[in-house]
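K.L.:
Got a structure for you, written out below as structure tokens; questions coming shortly.
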Amino acid sequence: MGENDPPAVEAPFSFRSLFGLDDLKISPVAPDADAVAAQILSLLPLKFFPIIVIGIIALILALAIGLGIHFDCSGKYRCRSSFKCIELIARCDGVSDCKDGEDEYRCVRVGGQNAVLQVFTAASWKTMCSDDWKGHYANVACAQLGFPSYVSSDNLRVSSLEGQFREEFVSIDHLLPDDKVTALHHSVYVREGCASGHVVTLQCTACGHRRGYSSRIVGGNMSLLSQWPWQASLQFQGYHLCGGSVITPLWIITAAHCVYDLYLPKSWTIQVGLVSLLDNPAPSHLVEKIVYHSKYKPKRLGNDIALMKLAGPLTFNEMIQPVCLPNSEENFPDGKVCWTSGWGATEDGAGDASPVLNHAAVPLISNKICNHRDVYGGIISPSMLCAGYLTGGVDSCQGDSGGPLVCQERRLWKLVGATSFGIGCAEVNKPGVYTRVTSFLDWIHEQMERDLKT
């Protein structure tokens, strides 16, 4: 009813009106058709009400059972593009069972502290033995991760592996001609152990290096040129809006909330290799494609991750370098001191972005502590992480959205988080909240692999 409509007169309740039977039109078939029609109408509710009720209950039960079947894929793989469930054995088997062939992606990964190569086959992840491994197979593996080339492939003793990486193994089928090895999950066979006692490690890109380091950034320090060479300024119609992280010559990681509703590539430019946003000589790079996570939840900021593809590749130098992605199953302990950077406001409430790049050291905080009722009260999901000080004073702020949270491991800087949200800036019991990159490695690599194939 519209605001200007007269108030409706309340009609006495009847099952006829409830089920729309008052609207039935019955053609007369006898001289006393009007009386017959009236009689039929009076009988319909009583006659059909039990049937209608039973029908509705059956429909509800059918829907519930159907949804239960579709969404409860226990022990199976659920296609993201539909409600279809397939057996795990059908994933990465060379046959596209899901729409758009999604079950034939995410079939290769690099895992653990040692960057061990694993292949998904026969319903589980299995570690690649170095037996029958040839160096040029690394190109195939890296292509399945979305990288156009590789840097190095080495071997590591099985005894040096973390427990989950020495349970199941595969090797390349040595009977296959080299030109037939175009996808690792089509080219391996399962084995109980590695005869050589060694497995394959893989590095697809030279990353995570910088020239030294010297507290966002509220409580932060001004950064030096080349100190955070993967830092990107994402500019919407010429104005800095968010931060990002360079991971390849073509790809930038940022937050989905930065690009949601602002997803036209031509409206964006990227600048890298700079500290000052004012009078800087750094060229602007055009954006070709923007992809944000399909399950991004604006109200809860879940799945807050996006990728930008540049129209042309970056040229790496001392001022521009990619940061490493972490490996699958790689853990970063609570309390580990990591670093966040960006052009965010340096004072809470200041509003404007800082004209110069700042950085701050922030310790990682467990999700258990971050979900305490006095902190974020249970809204932090496993795909998020917190970093900062519960006492306040140092944090990432507006303008740092999408920017990097990096940790150093074995002399390499790794992208552990992308700045997502927080309450205020550097407030007590309100540390910064970041998208946990390890939770989205499969998604990142799938987007890059799909693009590489086009």
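Just so you know, the numbers here start at 1 and follow the chain as drawn.
Note: Cβ is positioned from N, Cα and C throughout, glycine not excepted.
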K.L.:
Disulfide-wise, see what Swiss-Prot says CYS107 is paired with, picking from CYS92, CYS98.
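P.N.:
Recorded disulfide partner of CYS107 in Swiss-Prot: CYS92.
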K.L.:
Measuring C-alpha to C-alpha, could you say which of the recorded positions CYS85, CYS129, ASP304, CYS386 are within 10 Å of CYS79 (disulfide bond)?
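P.N.:
Checking each Cα against CYS79 (disulfide bond), the hits are CYS85.
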K.L.:
Per residue, counting other C-beta atoms within 10 angstroms of the C-beta, which of the disulfide-bonded residues CYS79, CYS85, CYS204, CYS407 reaches the highest number?
P.N.:
CYS204
K.L.:
Select the closest residue to CYS194 (disulfide bond) from the following active-site residues, measuring between CA atoms: HIS257, ASP304, SER401.
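P.N.:
In terms of Cα distance, CYS194 (disulfide bond) lies closest to ASP304.
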K.L.:
State the Cα to Cα distance, in Å, between CYS425 (disulfide bond) and SER401 (active site, charge relay system), rounded to an integer.
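P.N.:
Pair distance, Cα basis, whole Å: 12 Å.
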K.L.:
Across all chains shown, how many C-beta atoms besides its own are within 10 angstroms of the C-beta of CYS258 (disulfide bond)?
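P.N.:
If we count other Cβ atoms within 10 Å of CYS258 (disulfide bond), we arrive at 25.
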K.L.:
Please tell me which one of the active-site residues listed here (HIS257, ASP304, SER401) sits closest to CYS73 (disulfide bond), measuring Cα to Cα?
P.N.:
ASP304
K.L.:
Calculate the distance in Å between the alpha carbons (Cα) of ASP304 (active site, charge relay system) and CYS386 (disulfide bond), and round it to a whole number.
P.N.:
14
